[in-house]
Amino acid sequence: MTKHIFVTGGVVSSLGKGITAASLGRLLKARGYKVMMQKADPYLNVDPGTMSPFQHGEVFVTEDGKETDLDLGHYERFIDENLTRESNFTTGLIYQSLIQRERAGDFLGGTVQVIPHVTNEIKSRFLRIEEQTQADVVITELGGTIGDIEGQPFVEAMRQFRKEKGAGNTLVIHVSLVPYIAAAHEVKTKPTQHSVKELRSMGIQPDFIVCRSDHEVDASIRAKIAHFCDVDEDCVFENSDCPSIYDVPMHLAKQGFDEKVCQKLGLEPRERDMSDWNDFTDAMHVANSLPEKTRIAVVGKYTQLPDAYLSVIEALHHSGVYYDRHVEIKLVDGEELTEENVDEELAGYDGILVPGGFGLRGTEGKILSANRARVNKVPYLGVCLGLQMAVCEFARNVAGLPGAMSSEFEPECTYPVIDLMPDQEDVTDKGGTMRLGAYPCKVVPGTLASEAYGEELIYERHRHRYEVNNAYRKQLTDAGMIISGLSPDNRLVEMVELPESMHPWFVASQAHPEFKSRPTKPAPLFREFVRAAIAHHEGVDRHDVNPR
Ligand code: GLN
């Protein structure tokens, strides 16, 4: 029988609930259990795909093409499993499906209400992954903070679900802030007490409390929390800030967290094997303490908000550790770059990466960045918009197509080298209508892409509406650009690059390889890009940069 673990948040949002949930997932997987994870988000958007990164950080795309919360990226990276479209649902999605059924007459004669209809729909979602995957453990994170009005139906659904599943088959882990008050020189338990009180008023007694803090939460404080919140003393855990998110699983494991979870759920305490993970974190700490740094510029537009490029940044970190090198990442604002300052702004970087993006702002700066990378022979990786900008740059400055641009930004452009995909022409709805999820791509032998992947057919995840305009393929390739990846029917350009006679490593992908990067398995294009950047920094051939 599948066991269900719910993770709720107390006091404030952005606590790192997702990391706590993902860490537990990893620890249980390391004990040989099949773990699946999902996130319930109480907002009204049907999915986060229509939200700005300022609201929400990165939109993570699953293999099967769902635009989801960035926590799903943490889940996949931690438990090393591909999740599906069922793994993220929102109030908007729940209401959408209920209202469709109401209109179809499914409830004829009845009044459709939050209880039982909304809660039943939520409960059916709690169950869905269990039914599809037969996982031993399903971990469900509830977005937001306990006490939010919009979260109430989810908490009520959780309460009913626990009762129906029976004692010992579910757990609620409340991750709560334990703030340090400098004037008092101590961490304070009162906000957590209030938050648990709120949870209990809705009929849920948490089984575990995980204390998030930037200071140590010692045994006496944990005992106090246990006492006031009516939780067993050995079920209150400390989760103060770790140097890296990848340290969190072992930080919790050392306190006996996963062992206690198994015990409470009646799961036999199988041996835990975290050797792969620990090898990675050990290597990461060594790499990140090296004084010598390979510096990579990520030219985006949400530079105040690293979460907007979360998977890109993680994939670069994974790749640095793979080669035992310290990779330092700096977000550069594309909007601030001009012909006058670009050389200064991009000086000292060993690699330039232009990630995905939407909207005109910052695009000229991204084109300039691709230009400097190309001209100065600095390794370049373009991801989605980063490919499109590199193609515009090459078209303008090498292929003799002045002012070439994407028709997304300049519909009347003379040389629209990037244009709307034909499938997208009649699409008017904005939500969930892009080319989304994993698509096959044929890799052209003898290219840098083929060296990176070592396979002829690859699958990467997409999220875009525009593509390389086939009308300009010949002009681009005649001028020297190589098309190194194509859709199996040859219709879509999936990867481009420059020949090694023109540039040491310049590759761009229409897909987002960062979504599939895992700590111990960096995404191939990121891995090879970082290798080229290290080689640039050390003044060696990239083939002399070897993995640890
Ligand atoms: N805006 C571009 C498109 O829709 C690129 C999207 C992206 O970078 N994810 O094609």
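Cβ atoms are placed via backbone N, Cα and C, with glycine included.
When TrEMBL records S14, L15, G16, K17, G18, I19 as binding ATP, the matching candidate from D69, D71, D80 it lists for that site is D71.
Long-range Cβ neighbours of D71 (Mg(2+) binding site) (same chain, at least 6 residues apart, Cβ-Cβ under 8 Å): K17, G18, A21, A22, K39, F60, E141, G143.
In the three-state DSSP scheme, K188 (CTP binding site) is classed as coil. For the domain 'Glutamine amidotransferase' (305-531), the model's average pLDDT works out to 96. For the binding-site residues given as S13, T192, the lowest number of other CB atoms within 10 Å of the residue's CB is seen at S13. Other Cβ atoms within 10 Å of the Cβ of E141 (Mg(2+) binding site), summed over all protein chains shown, number 28.
Among the binding-site residues K188, K190, K224, the residue whose Cβ has the fewest other Cβ atoms within 10 Å is K190.
The local packing around I149 (CTP binding site), expressed as other Cβ atoms within 10 Å of its Cβ over all shown chains, amounts to 8.
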